[in-house]
C-alpha cells in the first residue's frame with residue numbers, strides 16, 4: 001500500500017482515513033481530528049525510523065570500505081621490492097630465503113643499485129610498517145572477540161611465492177596469504193554493520209524458544225500441590241490456635257430448684273442435654289482430625305465468622321448449634337480435664353416428673369443423687385430462681401397493646417357499612433378488592449361442599465339439570 005504524505009492526508013475523507021488507519025494497525029474509531037493527528041504522528045515516526053536506518057546502512061558501508069583500503073595498502077607494500085627486509089614486524093616469524101633466491105637477489109641488487117630517493121622511500125616504508133602492523137593487530141583482536149565461530153586466523157607471511165614459512169603455511173603451501181583479509185571482509189559485508197552495533201531491522205522472534213524458556217520457569221503440578229498443602233497446613237494450625245484461644249473456661253451455674261413444667265425450654269430437655277454434652281467434644285475432635293489427617297481441605301462449618309457489627313445483638317440468644325466461640329453457659333468444660341471428668345451443670349437442674357428413668361451412659365455420675373434428691377411431689381415454682389436464670393428468647397421491647405381491648409366481630413355491621421358506603425359513593429362505584437374476592441370464593445366453596453355432603457347423606461335431593 002502506498003503511504004500518502006502529510007499534505008495529502010488533509011484532503012482525505014473520513015472513510016479513507018479510517019481505512020488507512022486499519023491498514024497501518026491503528027485505532028480507526030476515533031473522531032476525524034484525532035484520527036488525522038494520530039495518522040500524522042505515526043507517519044512522522046515511520047519517516048524518522050527510515051532515515052535512521054539509512055544512516056546506519058551508510059555508516060556500515062563506510063566501515064566495510066575500511067578493511068578494503070587496508071588490504072589494498074598491504075598489497076602495494078608487498079609488491080614493492082622487499083629485498084632488504086629479512087624479518088617481519090611485530091609478532092610474525094622470520095622469513096628464510098633459499099640460497100638460489102638470495103643469489104638472484106644479489107645479482108639484481110648489483111644490476112640495479114637503488115638511488116638516494118629510493119632509500120628515503122625504504123625508510124618511509126620501514127616507518128610506516130610498524131604502524132600498519134599495529135592497526136592490523138588491533139583489527140584482528142576485534143574480529144577474534146566478536147566472531148567466536150570464525151577460526152583463528154593463520155599466520156601471515158610476507159614474501160614471494162617460492163618462500164617457505166615454518167608453521168601452518170609450511171603445510172598448506174598453496175594457500176594465498178591474503179585469504180584472512182577476505183574472511184574479515186565477509187564478516188562485515190554480510191551484516192552491513194559493525195559487529196558491535198545491533199541490527200535495527202525488526203525480526204520475528206523464535207516463539208518456540210521463548211515458550212520453552214517460559215515453560216521451564218513454570219513449576220510442575222507436584223510442586224504446586226506441595227506448596228498448596230503447606231499453605232493449608234499453616235492456615236489450619238493458625239485457625240486451631242485461634243479457636244482454642246477463643247474458648248473461654250466457663251463456670252457452672254449454681255444449682256437451683258427446677259422450674260414449672262410450662263417453663264421447660266427446648267435447651268433443657270434430656271435429649272438436648274445429651275446433644276449439648278457430646279457436641280463440644282465432638283466439635284473439638286473433628287477439628288483435630290481435620291487438622292491432622294486432612295490438612296488440604298478447610299472446613300468453615302464449625303467456624304464462627306462475624307462479618308459486621310450487626311450480629312452482636314444475637315450474642316445473648318442461646319442457639320442450639322454451639323459454635324466454638326459461643327457455647328452454652330450450662331456446660332462446664334476445662335481444657336486440661338480428661339474426657340471422663342466433663343461435668344454438666346444442667347444435671348443439677350434435672351428432676352423427673354414421675355419415676356426416674358435409668359439412662360445407660362458411658363460416664364455415670366455418682367454425685368447426682370446427693371445434690372438433687374428425687375421426690376415424687378409436685379415441684380413448687382420459685383420466682384426468684386426463674387428470674388435469675390437467663391431467658392431463652394429475646395424479650396419484647398417497646399409499648400404493649402392495652403389489655404382487654406380485643407378485636408370485635410364486625411361481620412354483623414359489615415353489610416350495613418357497605419350499603420352506607422355505596423350510598424355515599426354511588427357516582428364512583430368502588431371496585432371489588434382481592435380480599436373481598438377471596439372471601440366470596442371461600443363462601444362459595446363452603447356452600448358447595450355442604451351441598452355435596454347433604455346430597456351424599458340424602459338430606460338434600462339433588463336437582464336435576
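Note that Cβ sites are derived from N, Cα and C of the backbone, with glycine treated the same way.
The coiled coil annotation in Swiss-Prot covers 32-61 (among others). When pLDDT is averaged over the coiled coil (32-61), the result is 87.
Marked as region 'Disordered' by Swiss-Prot: 44-123 (among others).
Feature annotation from Swiss-Prot assigns compositional bias 'Polar residues' to 56-75 (among others).
Per Swiss-Prot, compositional bias 'Basic and acidic residues' is recorded for 76-86 (among others).
Look at Swiss-Prot and you will find 87-96 tagged as compositional bias 'Basic residues'.
Per Swiss-Prot, region 'Disordered' is recorded for 148-207 (among others).
Per Swiss-Prot, the feature phosphoserine maps to 152 (among others).
Look at Swiss-Prot and you will find 154-166 (among others) tagged as compositional bias 'Polar residues'.
Look at Swiss-Prot and you will find 169-179 (among others) tagged as compositional bias 'Basic and acidic residues'.
The region 'Disordered' feature in Swiss-Prot is assigned to 252-294 (among others).
The phosphoserine annotation in Swiss-Prot covers 265 (among others).
The phosphoserine annotation in Swiss-Prot covers 272 (among others), and the record cites similarity to another entry as its basis.
The phosphoserine feature in Swiss-Prot is assigned to 292 (among others).
The phosphoserine feature in Swiss-Prot is assigned to 299 (among others); the stated evidence is similarity to another entry.
Under the heading region 'Disordered', Swiss-Prot lists 308-338 (among others).
For 334 (among others), the entry in Swiss-Prot reads phosphoserine, with the evidence type similarity to another entry.
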For the compositional bias 'Basic and acidic residues' (432-453), give the DSSP counts of helix residues, strand residues and coil residues. 20 helix, 0 strand, 2 coil
Validating a neighbour-count step here. Other CB atoms within 10 A of the CB of residue 386 (phosphoserine): how many? 14
